Structures are given as structure tokens and as C-alpha cells.
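These notes concern the structure reproduced below.
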Amino acid sequence: MIRVASPAKINLFLHITGRRNDGYHELQSIFQLIDLYDWMTFTPRTEAEDNLSITGIEQVDLEQNLIFRAAQLLKLYAKKYCGLNIQIEKQIPMGAGLGGGSSNAATTLLVLNQLWDCGLNLDQLAALGVKLGADVPIFIYGKNAWAEGIGEKLTFVDLDQKQYIILKPDCFISTQLLFSQKTLTRDSNRTTFCAYQLKPSDFGNNFEALARSLYPEVEEAMQYLDQFGQAKLTGTGACVFTEVTPEMNVSEIVQHAPCKSYVVHSLNKSPLSHFMTDI
């Protein structure tokens, strides 16, 4: 049995810089890993039981589950294949812009790469991961990164240690709906990591205005956090966050928050790093 932590992320900013011929959007962003985790337990089955089961999450269609799809992709490379039960203890809210599903898929690839003796390196695992989602590779490499392309072109960066307050509004945001809006900014000027470092407060999220206008719960959460610092949207939402500063009374802010809240710390590397260095 192997039990591991599968971390979340926030986007410190997110700009859409263009649209490709295949319909995918080009973006620039910074992925920051945080210490909010799902816990995943991998338990091998007996030789007679070669199937895969997943418990702990509600999933009507297993074929659409990212954990199952990650395992199916890696199964082709297995030298010591065995059936598995994968149990997940969810702490990362789903559909919130925190990358929980992508992180779970990456964790599955990393753990099963060793358990099944697949022998793939990180670049090979990331190439599989991007088939599941553009932000899966960040969790494969387990480092904070400046992201470009559709999110898969990564330049690893050193970021200062921070603490954040995250609010999870009680709504589910449709990414498809946001992308379909004509008012979505799709031509932000390309920028650099150095420019971000000089004035991070100038860098926002192109989805924020739409999320605030279409979802009153997001507007309420952002107005609340804006009283104490600069509120930002992560991903396409619904979660919003602000950086903790010395003058903040964190416990009071959390106590009076209009929705579920989390206090998290930034990570410099994933807790799965031992699965990465051993490959």
C-alpha cells in the first residue's frame, strides 16, 4: 500500500494572449503549488484481480475519470502490471481552479510508473499527462513554473514563500461558458517573468471580470477579500485568493468569510518529489 499527498495549485495570474488554429487558447500564467492536498492510497490487488477500482469520489462514468484515464495510459508501458484499488480522500474542492483533478492524474502517473516498473522519465510522463489536461505536467514536475502555450510549456521559477487565504464560493463555474463569451479578453500583450516580479499587482486574470458578472457568489467572495488585500481568481474559478500580509488578522478574516475558506502556504516543490528523483 502506498499513501501519498496530491497537491493543489493557484494561478498567480492568467492572461490569454491569442488563439491557435485548432481552437485552443494561448496563455501565460504562473503556477504556484500550495499545501492543500488530496490523499491518495494505492493498494495492489492479487494476481487474480487485474482490474482497477477507484473509491472515495462520486463518478458516474469511470471512463471520464482522470485517475482512471491516467492509469489506462500508463498500463501500456507496465512491466509488472497488477490490479489496483485507488482510494482518494478529497480535500481540494472540485471544479474550483485549484487543479485537483489534474494533480490526481499526475500523482497516478508518478506512483504507477514505479509500482508497475514502467521506467518512464519525467518528460515522458509529462507527454502522457498533457493528453489528459494542459496543467497535468506542472504536477508531474512538481515545481513552480512560468507557463506558456496552452499551459504545457513550462519554465521553472523560484518564488518567495507566501501564505494565502482562499475562498471557495458556493457555485460551479462552467469553463466552456466563460470561453464562449464574446467579451472575454483573448489578446493580452505577452509579458515576462521579470515584469511580473517588478509589479505583480498589475497582473490579473482575464476570466475574473466574467466570473464576477456571471456568478454573484464569486463577486461576493472577491468583494470580501478586496477589503483586506488584492483578491484574485485562480484558473477559471470558482476559488479566489489573496496573499496574507503582516497586518491581516487571518483568523478573523476566515471567521467572517461568506463561504468556505482555506489558509494555505506556498510550496517550492511537490511532496511527491521522491517519486521524481528516483526515476
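Including glycine, each Cβ sits where the backbone N, Cα and C put it.
According to Swiss-Prot, the protein has these features:
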type	residues	note
ACT_SITE	LYS9	active site
ACT_SITE	ASP135	active site
BINDING	PRO93, MET94, GLY95, ALA96, GLY97, LEU98, GLY99, GLY100, GLY101, SER102, SER103	ATP binding site
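Annotated features taken from Swiss-Prot, shown on the structure.
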residue : record           : contacts (Cβ under 8 Å, 6+ apart)
LYS9    : active site      : PHE31, GLN32, LEU33, ILE34, LEU98, GLY99, SER103, ASP135, ILE138, PHE139, THR234
PRO93   : ATP binding site : GLY100, LYS168, CYS239, LYS260
GLY95   : ATP binding site : PHE172, ILE173, ALA238
GLY97   : ATP binding site : ILE10, ASN11, ILE173, LEU233, THR234, GLY235, THR236, GLY237, ALA238, CYS239
GLY101  : ATP binding site : LEU66, MET94, GLY133
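Apart from the site residues PRO93, MET94, GLY95, ALA96, GLY97, LEU98, GLY99, GLY100, GLY101, SER102, SER103, the chain places the Cβ of ALA8, ILE92, GLY235 no farther than 8 Å from the centroid of the site's Cβ atoms, the recorded ATP location. Neighbour density for SER103 (ATP binding site): within 10 A of its CB lie 31 other CB atoms from the protein chains shown.
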